[in-house]
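Take a look at the structure below.
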Amino acid sequence: MTHLPFAELHLHIEGTLEPELVMELARRNGVALPYDDVGELRAAYDFTDLQSFLDLYYANMAVLRTRQDFADMTAAYLARAATAGVRHAEIMFDPQAHLVRGVPLEVAVEGIASVLATSEDDHGVSTLLIAAFLRDRPEAEALDVLDGLLGMGAPIAGVGLDSAEIGHPPAKFARLFARARAAGLHLVAHAGEEGPAAYVTEALDVLGVERIDHGIRALDDDALVSRLVAEQVPLTVCPLSNVALRAVGTLAEHPVVAMLERGLNVSVHSDDPAYFGGYLDDNLDALTTAVGLTRAHRVRLAENSLRASFLPAGRRDALLAEVAAASD
Ligand code: HPA
Ligand SMILES: [Zn+2]
């Protein structure tokens, strides 16, 4: 069965660093890691919550030192994404996570962007880049980094908000998002992953985001669910991530199909595929077994992903037409 065309809208490029590449880059750059081999590193991928994942995610970034490292990571992701049916990817990166390690903005941005520039020709995957800001760090730092990105003419299409959620409500970043909006950037934010439904409301009303990353905790608030249905707010849901970080007990209990059937504008994405057990196709395949995801559900998810993307109308409609042709 040929893949339906999907847009991957919730993907942290640093979360695509497979253990083999972590070890290879560590060797190449002479970075000492507390693991002797890939097996030992893989054994550490046993998370209890978001923070336990973030600790390893940030620690492994120590191997990313040069433009080539960022380029190699990005190229490996795009090659894999193409095999999953991804035809468009809106890719987040965490500039602060590299700056705090002494890696200049230019190294991360140019390394990633150099590969994105040829992705449509190389893999048939169009791309956009989103700078995600770390909500557990001060807003003043984020403002400086945004200014740095704008000042260097970084090819970013939007800003996002990620990292440890609880205790760091969206409103903490009101000025950052206002500045990004004034610069003409798209706005997205993680909300309602571990944090409460109120953070989803705040991301919409205070930050003015166009999409919510995760948003599953919105289900705790019926009035919010009604609003999200009425306004068709896109929610980029990541099932394997939710189970790996214990936001949801098991995949069989994952609410994504129920969300679709309630009329929510959800799509399925992979978040940090190297850490959570798989890419977009792996998420869809796992849902097929665990919750009976049907071909009709897949078609809806593909359509929702394309409509929630920031693609220009021409390519978006061409990909939607491919979905329609494949589902006849
Ligand atoms: O799943 C995530 N949640 C929050 N922050 C993140 N940064 C990378 N992945 C994640
Ligand atoms: Zn995420």
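Backbone N, Cα and C define each Cβ position, glycine as well.
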Problem set entry | Candidates Asp121, Asp271, Asp281, the one TrEMBL lists with His10, His12, His190 as binding Zn(2+) | Asp271
Seminar exercise, completed: CA-CA within 10 A of Glu193 (active site, proton donor), subset of recorded positions His10, His214, Asp271, Asp272 in residue order, equals His214
Problem set entry | Between Asp272 (substrate binding site) and His12 (Zn(2+) binding site), the C-alpha gap once rounded to whole angstrom | 6
For this session: Using CB under 6 Å from any atom of ligand 1, narrow the recorded positions His10, His12, His190, His214, Asp272 to the ones that qualify.
Result: His12, His190, Asp272
Seminar exercise, completed: Residues near His190 (Zn(2+) binding site) by Cβ (under 8 Å) yet at least 6 apart in sequence within the same chain, in sequence order, are Arg135, Gly160, Leu161, Asp162, Glu165, Ile212, Asp213, His214
Exercise. Average pLDDT across the domain 'Adenosine deaminase' (5-325)?
Worked result: 98
Problem set entry | Densest Cβ neighbourhood among Glu193, Asp271, Asp272 (recorded positions), 10 Å radius | Asp271
